[in-house]
């Protein structure tokens, strides 16, 4: 990817971000070469010319207007970071688009079987289509369609599969992929759904699908992700949560046979942001017509301040795999870590984009960049990145399949083109400062309300690695934290085989999955199914 000056920060965001969970497109070394940023900032003041100093305040003020963010509270360190960028290209930084252009779907003459509204979520409508079984994805009852937010022109696509076992009694799971900006249909066809897609673009039955003992909903959110579309834009997790609540309220109104069943929210990667926020939003609605029972987060990004400490240990031989970096590269990561953590702390304290955006840029460059230069898969430390689609060539088959006219017609899809990840959304969230915010606070809220929480992590993932996830769960300050800290780590077995390690106290569980990468159901399908089946049955101790 070539970097123009006018797309500098946008490219930083894209490079710093997402697949199914966090997306990282290109090596960070390219960014630093393009920017030639002095990340130490030690000699910044001496570099700035008098002429530049005169114009700098005006440029920063212009950016503040574009970002709709006041200048109050900027620390000297944060000012220095922005000044470093402005020094390199003072005449062109204001050309940046801090909000990506929305993706507008092509409205077609798709026919839907039902239209559902509810006074509790005004201005929302649910369209439902019975999906033909001869599409070959599964033989169970299945529905697809859209949640429409009429006045705001927002349209969220979903795909529902009934349980293969006992749909009248089995629980319901909502699955969310991350990114931010990646379609949950990736989870469907690549990880845990009823079928995968082969190179001939044909469905292949998955015996380890999570709908073995649960009905599963796959939701494309936020807007402009996957088959979802809008003329609007969204750039933060909290705003997305309100739309997800409206979707669930309407879905369970139309399908009251599922409303009284246990309901779980599961997801991975950036869903470490989504799920705590969405569950917290749901719990503020006592009038809801469904039964939120638990949440499951796999290889998530939830507490960046803790998790960013563990990129160097994971890359440098302390996570269970040999080091993939040279000693001097590991030293470089450690040297940049104190400033990284300081920037994240500023983001936690202020919540301002002025603090949170530089924290993302600096930390991703310093803590992920050296690993990315190796060409290794950020989602599986054991392998090299292959293919053009987020290190897994098979993902290209899914994109091709979901763009087949007959598939789009069968599902009622209303977009010109399906894309597994929308990197404009990724950039929007980054520029809103969402990446580095502390969503572990929402997890505390859930635990105090006695909602069961499972944090699971494949131990071969780099980008949201198990060391960081283990660390933030151990440091989480909630009423049961002392009990959780003292709880023993036990072996988790599937049959007679060791599948991982588990730590539990009351309704909070951390599970390390042996041999799993970022996408545990892809790498360990049988063990992942055992994990979810035991959890939804109420076995929180494993």
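Just so it is clear, glycine is given a Cβ too, placed from its N, Cα and C backbone atoms.
Note that the structure is predicted; figures quoted are calculated from it, not measured.
Marked as active site by Swiss-Prot: 269, 461, 518. Residues annotated as substrate binding site in Swiss-Prot, with similarity to another entry given as evidence: 464, 519. The disulfide bond annotation in Swiss-Prot covers 182-421, 316-330, 340-363, 347-356, 385-391. Annotation source Swiss-Prot lists N-linked glycosylation site at 213, 291. Annotation comment: Swiss-Prot describes 1-21 as signal peptide, evidence class sequence analysis.
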**OP:** Determine, to the nearest whole angstrom, how far the Cα atom of residue 269 (active site) is from the Cα atom of residue 291 (N-linked glycosylation site).
**Re:** 24
Original post:
Cα-Cα separation of residue 363 (disulfide bond) and residue 182 (disulfide bond), in Å?
Top reply: 22
**OP:** Given the recorded positions 464, 518, 519, state which is nearest to residue 213 (N-linked glycosylation site) when distance is taken between Cα atoms.
**Re:** 519
Original post:
Non-local Cβ contacts of residue 340 (disulfide bond) (under 8 Å, 6 or more apart, same chain)?
Top reply: 308, 359, 362, 363, 366, 367
**OP:** Quick one: give me the count of other CB atoms within 10 A of the CB of residue 385 (disulfide bond).
**Re:** 18
Subject >> Pairwise Cα distance for residue 316 (disulfide bond)/residue 461 (active site) [Å, integer] >> reply: 13
Original post:
Using DSSP and three states only, what is residue 391 (disulfide bond)?
Top reply: coil
Original post:
Among the recorded positions 330, 347, 519, whose Cβ has the fewest other Cβ atoms within 10 Å?
Top reply: 330
**OP:** State the count of C-beta atoms found within 10 angstroms of the C-beta of residue 316 (disulfide bond), not counting that atom itself.
**Re:** 21
